[in-house]
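A.B. asks: My questions will all concern the structure given below.
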Amino acid sequence: MNWSFVIANAITLACIYGTLAIGISLTWSSLGLVNMAYGFIFALSGYGAWLFSQHIASFAPLVMAAGILTGALGGVLVCALAFIPIHDKPNFPLRGLIATLAISLIGNQALLWQFGPRSKSLPRLFGTWNVNIFGVVLTADKLGAIVSAIVLLSLVLLWMRSSRRGLEIRAMMMNPHAASIVGIGVRSTGFAVMALTGGLAGLAAVLLAQTYYVAPFSGITPMVKGLSIALMGGLGSVPGAVIGAVILGINEALTSTMLGGQYVLITQFLLIIVILLIRPRGIAGILDKAREA
Amino acid sequence: MDRTAFEPTPEYGPAPPSATEAVAARTWIDPLSGFEPETPAREVPASAYLPPNTTWNETVAFKPKMYPVGRLNFFYKWPGHGGRLWWRTRYWPTRRRVLNIRGEYNRKTMRREKTILDKRPIWWTLTFLALLVAPAWVPGDAFNTVLSAAAVFGIYAAVNLCWMLVIGTAGIYSLASYAIVGAAAYGATYLAVQLGLPWWVLPAVGAVIGFLFGLLIALPALRLDGFYYALLTLGVVELCRVYVIQSRTFGSATGGIYGAPSYLPEGLSQSGQLLWGYYASLIVMVCALFLYRFVNGKRLGRVLRMAPEKKEAFAQACGVDYLRARISVFMISSTAIGAVGGFYASHFGGASPNLFSFDTLLLALAMLVIGGIGRSEGAVTGTAIVVFIDRVMIDWGPLRFVLIGMIMLLVVLFLRGGLFGIKPQFRTWRDKKKSERRASRSEKGGEMLPEEATETANKDEIYYRRFDKMQRDFLKRLVSKEVIEEHRTRPLGQHSEALDRLLIYFRRQGQIDKYAILVAEEFKAYRIVALSGHRGTTPRVVEDRTYGSPDEAYHALFMRRIQDLLES
């Protein structure tokens, strides 16, 4: 068994899925919306990056930026369709869930219709070199994924801590009703949150496309994984999402080396079910303080 | 005194006269002039006569525009004697009648009449008859497509009805229903292949598997709620899909497991097989409808609907054992879904991992949402719509899913209860609009507000205020240049009707703050004061003017009153 491989894989996957989970968690806690169209945003930004690299330039940072921008655009689209019209209507959480599911259905099928079922591959953004850190061999794409995910996530979290908009988003996470009373625009903040989380999905899509491919339905599995990490960490908690991502990354890497790749999802969901049965609001969630929805 | 200052100005003057209220000046002849026939009668210009009930008539008039339809529920009134209502048969095991008919006596026509209060049994019967004879009208070239789609419709409708018990009646968002179908179909097929079971055992095997599966997913439901449970079941579905795709015993190579015995009798033609399959699925759907009716419409459904999520504490306080109810509905629903899964295996000859895919889940959710969650007719209609688009309009390619998604999105954005919720939603909207209009019509000047009215012990006061307000509205319209001029020329004595009404009203006011004339120096100086209304308290001086004659003082006081009236 190659432990260095296991650790490298675990960290990479934890970074990518953690990005997705933080996006889902942020959306849920600030808007009260479970964004089931996240897989569609993921696939859309993969295609955005692919189109950019095909037709405009294949310079790595630009391709990544194109993916992130497409993701942000997709997030804004989802917000305009599923949040703005119904966020003040009765039974919003359920209707929002179903609306995002419908957007996911429409979007994925439209991607299939437009681009066909054949998957596309992005150019290698980080080159093809290796680096050896304390005996752990990291390939370029893994190291690139880890570094860019951590850097961009820290930037986002810093921005959330230090900027005016971030303050508004955090206020919405604490208590959306009170936030709207003190003059924070629910709709404008909604657009900001969805653009931000869409950008995170775009980042994850570009990073994951280094190892996998871009396909119309490539977003479903990452979304389910991101959702389960967010769920396990406690919906609405960023540290919880990070812890969940680390646990699931370790689990995935361990299972694939010790039992075999086909058992990854099985052990993963069993782990999640056990954790949720012990702590119904996730690792970092507190039962009473969870968002009422 | 500057008299023009007290003339009514447009800002607070009476409402502009309407067409009926003629402004044309006419003259008023003093009736007392008749006592002195030698001298010519005193004539004073006056404004046109305004009937004193004008304001009342305008206030009580019904102004909103009425449309001839849509205000009341329309019920056709069937003739016939009420003593013998059509159907009094009650069907076992309920105490319900086949049709809920109310018989009543119409006092206007002096006849008995009958009203069908709930027409849904009629619609169900008509639909079922239509479904029975539908294959005869399917065009020949589309026969295969449509009939196989119709069989799928029957099976999916049965699954959705059982699922609706969990989602609609219990309000638990379990997304694992098609996973139960899949598990039951896979298990039944596997056992049938291994043990050589006949086809009629498959639903029973499926029911057992469904029961076990239901037990498995009911346990987390006791601890988790809302989205946590929905996402957990989503995870379970994904788990099943991955397991089935990768497991060699369940046909990872062949894309599913096949070889289950079919319920079709031997030696049928292809169209005969399709017809047989269609009617068998229809029977399954009808069984599911009865199950829905006997769970949702009876004690269990009632208990579940009074204990929705977040109201558990209330339900518990009322003595409702909601946990037990939830587990039983889960078990009933999963067992039924498992049985349908066994039938599915027998119908399609096996099972494919497609049952566990995210798209199947999405389409199934679309079926429920389009029809309306919590209604059996919604589940059936939604299934029909989605299955038709999915299985019959195959030429559309991926676009047909886009169409389903669009319908789903539109329904969710604009409708609260799906297609079958349109009627109540429209009624609610219409009532809202009606009450908004009513609120914009009502005027409150001088009247008591509702909260004030409840606080007042003397209820006469409420009606007095209302009357007084109407009277003041009327008197305001009587104020005109002619009236003021008439008063100026002769404050005392016989007056025209308009002026008389005004003066009588002014005289009738209470003593508090009533204006009076103080004689500062006889025939030389008069002042206007306001009475305090309390014995021993001196009147307060209103203004520092003095008037040279009583008439002048009378008129100034009159103008003050007029101004107060117009400002009130």
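Glycine is treated like the rest: Cβ placed from N, Cα and C.
Pasting the relevant annotations from TrEMBL:
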type	residues	note
TRANSMEM	A:6-26	transmembrane segment
TRANSMEM	A:33-53	transmembrane segment
TRANSMEM	A:59-84	transmembrane segment
TRANSMEM	A:96-113	transmembrane segment
TRANSMEM	A:133-160	transmembrane segment
TRANSMEM	A:192-215	transmembrane segment
TRANSMEM	A:227-248	transmembrane segment
TRANSMEM	A:260-278	transmembrane segment
A.B. asks: Is the transmembrane segment (A:192-215) packed against any residues at least 6 beyond its ends, judged by a Cβ distance under 8 Å, and which are they?
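C.D. replies: Same-chain residues near the transmembrane segment (A:192-215) but 6 or more away: 15-17, 19-20, 22-24, 26-27, 30-31, 35, 38, 41-43, 45-50, 63-64, 67-76, 78-79, 83, 117-122, 124-126, 141, 144-145, 148-149, 152-153, 156, 165, 168-169, 172, 222, 226.
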A.B. asks: May I ask you to check whether the transmembrane segment (A:133-160) and the transmembrane segment (A:6-26) make contact, with contact taken as at least three Cβ pairs under 8 Å and only pairs 6 or more apart in sequence counted?
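C.D. replies: These two segments touch.
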A.B. asks: Who are the long-range neighbours of the transmembrane segment (A:227-248) in its own chain, taking Cβ under 8 Å and residues 6 or more past its ends?
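C.D. replies: Result: 10, 13-15, 17-18, 20-22, 24-26, 28-29, 34, 38, 157, 173, 268-269, 271-272, 275-276, 279, 281-286, 290-291.
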A.B. asks: Report, as numbers and ranges, which residues of the same chain sit near the transmembrane segment (A:33-53): CB under 8 Å and 6 or more residues beyond its ends.
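C.D. replies: Residues 20, 23-24, 27, 62-64, 66-71, 73-75, 78, 82-83, 87, 93, 96-97, 100-101, 103-104, 107-108, 111, 115, 120, 122-123, 194, 197-198, 201-202, 204-206, 209, 214-220, 222-224, 226-227 contact the transmembrane segment (A:33-53) from elsewhere in the chain.
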